[in-house]
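**Student:** Got a structure for you, questions after.
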Amino acid sequence: MAVLAAAALLDELMGRNRNIAPNDKAKELNWEDPEYCKLYMVKFCPHDLFVNTRADLGQCPKVHDDEVKALYEKSNSYKKQRYEEEFIHFCQCMLNEVERKIVKGKQRLALIGKADAISLSPAQTQRNEEQIKFLTEKINSLVDEAEQMGIQGNVEQAQGLMKLCDQLKEEREQLRGNNENSHWQQTAELAAAQEKQMEVCDVCGAFLIVGDAQQRIDDHLMGKQHVGYARLKMAMEELINNRQKLRDDKERKREEERRERVRLREEEERKRDRERDREREEHRKKREEEERTKSRSKHRSRSPRPYRRSSSRSRSSTRRSSRDTDYSRRSVKNCDERGKSSRNSRSKSRDRSRDHRRKGGDEHWRPNKDRGEK
């Protein structure tokens, strides 16, 4: 521990790369390196909370680096979840331990009113401690032997040794309980003698005197042990709530995506249904149109006379109009011819009358000439 503390002090003063040669390249920081404390990167290291207290965990064997912690906080890697789970597990173990301590403390306070409570002498307590130590060594040796048996394949012998270990553990716990009950019975008797009622702190499990001075109560509330356990509980609950919130957000996001997929699928199905209905309607209209066309064709083939009569009527009207046109043309032509013939006849009659007059004049002239000659 002293070596680690000295190394940490040198790293703080000279930097983590104090042993690197001038020509060597410094190692890049990586928060995934096993030398860094995972608990410190997540929130804080519990080893730093209970220094010089009854719950002291000793010096942390890992490195605490603020730069590495900043890299961890900026990272989005999924591996951070494992670090958080390890932190939660560590805090939960410590809180479970202090919870058992609180329960035992309340049970011991309940022994104050019992007159027949067991009170062991110091010698008996010492013997129990020696017996507890012996049982612990025996249990450890049996556990090692059971592991060797398991490696060699002797499963039944290993199970038998583990059962024996469980029996020795029960005996050891009974001896510990007797010693603790004796100790707390003496404490309870002392408190009863002093006519002071005691209570157990629900955070750290320490015994408090009811109605004690406010200064002593404040000192306890500001103490390392009380603050450390309170901080552990608060940090663990915060991480659990954050993880639960993330799970709820992911679940809500997945639900929204699922609803969106369902909506799109339903919309696509409705679109396909509309397309099918439109195609069916077009097919139906086309079929009806074909049927109407066929029915009209059949009707025409079955009743041709009205159709022919109407055609003959149209042709007769056309012929009549053409005959009228021809008649009018012939009338105009005849009139022109008659007018022309009448003009020709008049001109011919004028020519004949002119010739006749000429002939008559010659005859009349000629006798006179003849008469003159005579």
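Placement of Cβ uses the backbone N, Cα and C atoms for every residue, glycine included.
Source: prediction; values computed, not measured.
Residues or ranges marked as coiled coil in TrEMBL: 125-185. Positions annotated as compositional bias 'Basic and acidic residues' by TrEMBL: 246-294, 321-340, 348-374. Per TrEMBL, region 'Disordered' is recorded for 246-374. As annotated by TrEMBL, compositional bias 'Basic residues' applies to 295-320.
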**Student:** By DSSP, how many residues in the compositional bias 'Basic and acidic residues' (246-294) are helix, how many strand, and how many coil?
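**Tutor:** Per DSSP, the residues of the compositional bias 'Basic and acidic residues' (246-294) fall into 49 helix, 0 strand, 0 coil.
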**Student:** Looking only at the coiled coil (125-185), report the model's average pLDDT.
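**Tutor:** Averaging the confidence scores along the coiled coil (125-185) gives 77.
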